[in-house]
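The active site, nucleophile annotation in Swiss-Prot covers Cys86 and is backed by sequence analysis. Among the features that Swiss-Prot reports, active site is placed at His177, Glu179. Sequence annotations record features per position, and here Swiss-Prot assigns ATP binding site to Ser231, Gly232, Gly233, Val234, Asp235, Ser236, Leu237. Per Swiss-Prot, the feature domain 'Glutamine amidotransferase type-1' maps to 9-203. Annotated domain 'GMPS ATP-PPase' per Swiss-Prot: 204-396, in sequence order, evidence recorded as sequence analysis.
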Amino acid sequence: MMNNIHLDKILILDFGSQYTQLIARRVREIGVYCELFPYDVDSEFIKKLNPKGIILSGGPDTVTLDNAAKAPSIIFDLNIPILGICYGMQTMAIQLGGRATSANKHEYGFAKVRVRNHSPLLSDISDEGHGLLDVWMSHGIEVEQLPNGFKLIASTDNCNIAGFANVEKHYYGLQFHPEVTHTKQGERILERFISGICQCEKNWTTDNIIAKLVQNLKDQIGNANILLGLSGGVDSLVVAVLLQQAVGKQLTCVFVDNGLLRFNEGNEVMQIFAQNMDMKVIRANAHKKFYDALLNENEPEAKRKIIGRAFIEVFEEEAKKLDNIQFLAQGTIYPDVIESADAKYGKAKLIKSHHNVGGLPNDLQFKLVEPLKELFKDEVRKISVKLSIPPHIIYRHPFPGPGLGVRILGQVKQEYANILRQADAIFMDELHKNNLYDTVNQAFAVFLPIKSVGITGDERRYDYVIALRAVETIDFMTARWARLPYDFLDLVSNRIMNEISRISRVVYDVSGKPPATIEWE
């Protein structure tokens with residue numbers, strides 16, 4: 001009998017912390033399903049979701065201000081456990097009758113917390129056997145008075161109330177961040193809350209997820225036929241294998257060669273499927289359609305929507321050649337949904353639309369199938385391992401659905417795409433040659449439509465700029481720019497400027513996510 005992977009769930013209310021997605025990943029790593037919503041999500045929706053526990057994230061607001069973000073009051077009437085982290089702890093304290101104030105000493109970075117009094121959350125958890133925890137702090141406000149019914153459970157030298165609890169109601173607050181790796185016992189603390197206090201069963205496992213996804217696809221598609229928009233990346237490949245298991249020959253994959261692919265990528269994708277996948281794949285050449293559609297468009301959001309519409313038009317054209325195509329499948333994953341602020345997520349602010357979420361037309365002729373829509377990237381990769389997808393495909397760097405269309409800043413021209421393809425190929429070639437490809441999670445080149453002065457021999461040149469980007473990340477929700485060796489960057493830069501006639505300058509992107517996104521557009 002299949003376990004219900006959604007039976008026990010945790011609701012995470014996001015107050016804007018850069019660590020909120022880490023909370024979600026930690027909960028799922030424990031083996032429990034969770035969903036992330038903005039803090040001001042509709043109260044009726046919360047009741048309908050029926051979570052077994054709620055986590056209030058940190059956030060950048062100053063909780064003592066009149067207009068500070070507050071948790072929906074309904075959560076305190078549901079008789080379920082609540083864990084407030086950092087800002088979440090502060091707003092919980094104020095909303096339940098306590099007080100917060102500016103801290104005498106702000107705490108940013110490592111701190112030592114002393115566990116105090118007995119509580120189901122922290123008892124018998126320590127790093128040094130003396131009730132001390134090495135934790136990560138990030139706050140300038142602190143709780144100064146506990147609400148009625150609460151007791152102190154943790155403190156630091158600079159923060160008297162670093163943790164509190166109302167054990168009877170199962171309400172807990174932590175001023176530190178258990179979700180970050182810097183808090184050594186963070187995973188144990190979260191597991192104590194989720195498994196012990198919320199009493200969630202660990203049904204969110206890779207095997208259970210696969211079984212549920214395949215069954216859902218069978219139920220949803222029935223005897224109809226389905227198209228899969230194939231990119232060659234791990235997300236769409238996982239969807240392809242799941243669909244093959246669910247509906248077999250009812251699946252047709254369409255690989256759109258749109259002129260915005262990496263060097264030789266079209267041939268490589270077709271070769272991957274010929275060698276590893278026993279399924280029908282159609283290659284649609286749509287260079288002209290995409291370039292014509294993008295002509296004279298500079299705005300990133302508009303480009304994404306144009307590309308989304310063009311993909312759908314190609315799928316519709318191919319569907320007319322086949323019988324009974326009622327469904328279109330895509331490899332949309334949870335970060336795509338979060339960043340696009342899908343309508344399901346209420347009042348979340350748009351970061352950027354993804355061509356397969358916010359970029360789809362309203363008059364879509366297919367029923368949309370997105371089996372990975374609830375999954376983070378690392379969860380998709382775990383599934384791909386279980387499905388025996390070859391490792392060189394699983395760990396291939398991600399490539400955005402809009403392709404080079406969002407790596408060429410501003411207007412997309414075929415000339416720009418050809419230059420960028422060459423630069424990106426040189427970057428990838430050297431990453432492989434120097435055994436650096438697998439040390440970063442994503443790397444690529446970006447074309448900047450600006451010209452910079454350079455020198456070739458004794459002659460002045462005035463040509464375009466290429467930016468190189470490489471990041472280290474687990475879930476692609478947060479990322480650290482990769483510290484590639486200077487000698488390596490020097491080698492790549494020289495090759496690009498010597499081998500591509502229209503490039504006079506190469507720069508390296510040293511922006512993390514946040515505040516930047518991984519892609520430039």
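Positions of Cβ are set from backbone N, Cα and C atoms, glycine also.
A map of Swiss-Prot features onto the structure.
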residue	record	CB count, 10 Å
Cys86	active site, nucleophile	26
His177	active site	23
Glu179	active site	28
Ser231	ATP binding site	22
Gly232	ATP binding site	21
Gly233	ATP binding site	18
Val234	ATP binding site	23
Asp235	ATP binding site	23
Ser236	ATP binding site	22
Leu237	ATP binding site	28
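Rounded to a whole number, the distance between the Cα atoms of His177 (active site) and Cys86 (active site, nucleophile) is 7 Å. On a Cα basis, Asp235 (ATP binding site) lies 26 Å away from Glu179 (active site). Close to the recorded ATP site, the chain also has Leu230, Val238, Val239, Gly331, Ile393: residues not among Ser231, Gly232, Gly233, Val234, Asp235, Ser236, Leu237 whose Cβ is within 8 Å of the site's Cβ mean position. Across the structure, Ser236 (ATP binding site) and His177 (active site) are spaced 34 Å apart at their Cα atoms. Looking just at the domain 'Glutamine amidotransferase type-1' (9-203), the mean pLDDT is 91. Counting in whole angstrom, His177 (active site) lies 31 from Asp235 (ATP binding site) by their C-alpha atoms. Look at Gly232 (ATP binding site): DSSP puts it in coil.
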